[in-house]
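Here's what TrEMBL has on this protein:
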DOMAIN    A:365-577  domain 'ABC transmembrane type-1'
TRANSMEM  A:24-46  transmembrane segment
TRANSMEM  A:58-78  transmembrane segment
TRANSMEM  A:90-112  transmembrane segment
TRANSMEM  A:118-137  transmembrane segment
TRANSMEM  A:149-167  transmembrane segment
TRANSMEM  A:204-224  transmembrane segment
TRANSMEM  A:256-275  transmembrane segment
TRANSMEM  A:281-301  transmembrane segment
TRANSMEM  A:313-336  transmembrane segment
TRANSMEM  A:411-430  transmembrane segment
TRANSMEM  A:436-458  transmembrane segment
TRANSMEM  A:516-536  transmembrane segment
Amino acid sequence: MATDDSNAAGFGEVSRVRGIAFEYLSLGASVAGLVALGVLLVYVAIDAFDLANASPEWLLTYFLTLVVPFLLFCLYSAGDPAVTRRVAGVLGGGLVVVAAAFAAIEAFVVTIPRLSWQLAYLFVVVAPTTAYLAYVGSRGRVGAVGFGLLGRLVGGVAIGLAVGTLFLVFDELVWFLAYTLGVLPAAALYAYGSRRAANRAVTAAIPVGLVGLVAAVFLRGVVGTYPSDLIIYLWTLAVPIAAVGAFLVDARGSRVGAAVVGGVPLALATAGGFLAGSVGLPGPTTLIVIALTGVPTAVYVHRVIDGGDGVVGLGLPLLIGGGVLVGALVVEAWGVPAPDPWLDPGYVTEAPSRTAAEAGLYPAIVGSVIIIALVAVLSFVLGVGTSVFLEEYTAGSGVVGSLTRLLQINIANLAAIPSVVYGLLGLGLFANLLGFGYGTAVTASLTLSLLILPITIISAQEAIRSVPDDLRRGSDAMGATRWQTTKNVVLPEAFPGILTGTILALGRAIGETAPLIMIGAATTVFSAPTSLFSRFSAMPMQIYAWAGFPQADFRYGVVAAGVITLLIILVGMNGTAILLRNRAERGN
Amino acid sequence: MSNTSSNTTGDESLITTDVETGSNGRTASSERTAVAARDLNVFYGDEQAIDDVSIEIPEKRVTALIGPSGCGKSTFLRCINRMNDMIEVCRVEGDVEFGGKNVYDPDVDPVALRRKIGMVFQKPNPFPKSIRDNVAYGLKIQGFDGDVDERVEESLKGAALWDEVKDQLDSSGLDLSGGQQQRLCIARAIAPDPEVILMDEPTSALDPVAASKIEDLIDDLAEEYTVIIVTHNMQQAARISDRTAVFLTGGRLVEYDDTAKIFEDPEEQRVEDYITGKFG
């Protein structure tokens with residue numbers, strides 16, 4: 001009958017109802033999911049920072065000293081009157097809408113717990129606007145410079161802390177020997193070889209480095225006296241970092257700049273390292289943090305000043321630091337009630353405690369960082385190795401080909417096995433059979449590596465498969481061996497994709513609890529692990545334990561602070577990996 | 001082979017291109033053989049791709065392989081540097097001699113063989129690396145111990161690309177235009193100083209201007225290298241090659257002679273039909 005109609009009235013109509021219904025249903029579902037997650041995170045943040053007790057005056061002060069200057073900075077960087085008008089409209093209109101909606105809900109529907117209309121305004125309007133403006137502002141030159149500097153400062157501190165944490169469990173004396181005997185000679189040979197185009201020196205670098213590493217392990221017990229920890233960190237980390245920074249600046253043709261960029265952070269780091277003890281900070285970690293923050297920052301500042309474009313942006317860290325300081329002074333002078341956040345310096349530097357106010361996450365953070373570092377290395381190396389083998393080396397037919405296919409199918413199936421089962425495997429294999437001990441960091445790392453290995457392998461295979469065959473044939477035709485083709489052409493091209501998969505997999509590993517419970521990891525330990533075979537706890541375990549405490553302070557404040565810490569570390573880790581990936585992609 | 005002189009005066013060329021300009025004054029007779037095939041048969045599974053081909057390709061000349069699609073000319077090209085080894089179902093019978101040695105002898109390492117034979121593909125395939133690293137690639141993997149930068153410059157000059165890229169050696173090879181990319185691939189192929197350069201339809205993905213640059217370049221390359229080129233473009237074969245081999249369906253080498261002879265007075269009617277465009 002439809003045909004009859006269409007004959008009468010032109011082409012007629014085709015029904016699109018199902019498509020439109022599907023479109024809006026899926027849109028609604030995603031929005032509902034996001035809103036639910038957003039509300040959860042808002043409440044977690046409110047609990048962690050005790051924002052429910054923040055007075056309106058306190059919020060207003062920091063809004064004026066911190067948020068408004070930051071927004072102005074971004075607007076200045078964007079330099080677009082249309083954006084300025086839009087932002088002003090959203091902030092002003094949002095205030096009215098949120099306040100009215102909040103009042104209406106409170107009056108007619110239900111009282112909203114632990115949330116004032118000011119806070120709701122901050123979370124619903126100001127936070128997204130700030131994020132949007134940060135994005136828009138970072139595309140202007142001034143903003144890019146500001147965020148670049150900020151990123152290097154924060155990233156340097158984070159990486160410095162992570163490296164310092166790793167040295168809690170790794171023997172710095174072995175590292176000292178390995179660096180002096182292996183890494184340094186190998187790097188020197190490599191640098192010399194690439195500069196003079198002497199292939200033999202470059203080829204010799206790897207064996208020299210390996211021999212040095214083996215010698216280091218062997219000599220560790222033989223050598224009796226070592227320099228102090230501070231000297232070791234200075235010699236093995238701070239000096240090389242400063243040297244690399246100076247070299248980068250020198251390559252831009254500035255001798256004086258190179259001396260300053262290398263020398264000043266090095267001097268600061270040395271001074272910081274030796275003085276840290278007097279204020280109760282760990283000297284070696286302070287030294288590493290200052291060196292890892294200072295040198296990249298100095299290199300960046302030199303580059304910006306050298307380029308002469310967007311120099312104003314360098315003021316962004318000052319703007320933010322100054323905002324926090326001024327805000328604190330005003331609040332102090334005004335005497336308005338300030339919130340008492342659960343997530344404070346004490347929380348991340350102290351051990352768990354019976355009382356909620358003194359509870360800290362430090363041992364669990366160290367445990368998680370160590371496990372994740374090991375898992376990242378293990379799963380990356382094993383995952384890439386396996387996927388290269390499966391994609392580049394195995395034959396497609398014959399007995400080997402069938403075996404490969406069997407392996408492929410099984411790897412895909414392994415990815416679907418529940419994590420508890422992997423916990424059982426870790427318990428049986430690593431803890432019992434190999435004797436790595438129950439609930440030790442090394443058992444946990446190996447178990448979690450096994451858990452995410454299938455995901456890493458599958459995504460790395462996908463990335464390797466997407467490298468065009470043209471490139472392989474081009475390399476083969478030049479007379480490259482399979483290994484040379486893989487190393488020089490396939491892996492560099494597949495690297496961003498491999499990294500993406502690894503990031504996702506690591507995100508899963510850092511949040512895993514079930515396998516840790518199975519291998520006997522403690523929910524609470526009171527001191528940070530001191531070796532790979534120490535008992536340890538991880539952040540999700542500790543958070544889970546706290547959630548079961550009877551006191552409300554634990555269940556709300558302390559748990560929320562733990563969740564925020566976990567999320568910050570996860571986001572930081574992923575952010576670093578994404579930056580690395582983007583850099584690799586740009587390199588192409 | 002003998003009757004070329006008697007025919008040239010009376011006959012029109014079958015195609016309009018001036019054949020003489022392409023030969024560059026090189027005579028195609030009485031020189032050493034670079035590559036030779038004897039009774040070569042190649043199968044992909046049950047299907048025969050090359051049927052009993054015997055051919056002697058002269059040194060430092062341009063030899064064109066022409067013929068319709070699927071006639072085995074690319075397969076033949078890939079037999080010379082054993083790139084067919086990569087195809088699992090491919091089976092080769094007979095000899096391909098290069099440097100007085102059958103490349104299919106069991107003691108020949110195909111990787112070592114390919115280091116003496118450069119190859120340029122249909123689609124430009126520079127590596128996603130800097131221009132310098134692209135050209136230096138062969139040197140790097142072969143452990144070249146001399147001055148890499150000097151060799152890179154020489155090769156880029158040899159590929160007529162130096163003037164266009166000398167200020168941007170560190171930018172990516174993928175930033176170049178298609179024609180430049182193909183010349184970069186040629187520079188990459190000649191950098192390790194091979195003896196033979198194989199080209200598999202090197203201009204078919206390029207515009208006419210870029211293609212003509214490559215053609216000029218091929219002419220120059222023949223001063224130093226043996227060039228074997230597969231092409232679908234009859235005019236191109238006529239312009240640039242000294243010798244032409246015509247493959248027809250079924251992988252048979254139908255006629256192989258001086259280019260002038262093939263294009264002006266082929267022995268076989270089928271060859272004449274093919275190059276005048278009656279089929280294929």
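Placement of Cβ uses the backbone N, Cα and C atoms for every residue, glycine included.
Contact between the transmembrane segment (A:313-336) and the transmembrane segment (A:149-167) is present: at least three CB pairs lie under 8 Å, with pairs separated by 6 or more positions in sequence. Same-chain neighbours of the transmembrane segment (A:516-536): 168-170, 351-352, 362-364, 366-367, 370-371, 374, 420, 423-424, 426-427, 430-431, 436-444, 447-448, 542, 544-545, counting only residues six or more beyond its ends whose CB sits under 8 Å from a CB of the stretch. Only residues 6 or more beyond the boundaries of the transmembrane segment (A:281-301), in the same chain, are considered here, and those with a CB under 8 A from a CB of the stretch are 148-149, 152-153, 155-157, 159-161, 163-165, 167, 172, 229-230, 232-234, 237-238, 241-242, 244-245, 248-249, 260-262, 264-266, 268-270, 272-274, 314. Highest Cβ pair count under 8 Å relative to the transmembrane segment (A:24-46), across stretches A:90-112, A:118-137, A:149-167: A:118-137. When each of A:90-112, A:118-137, A:204-224 is checked for Cβ pairs under 8 Å to the transmembrane segment (A:58-78), A:118-137 comes out on top.
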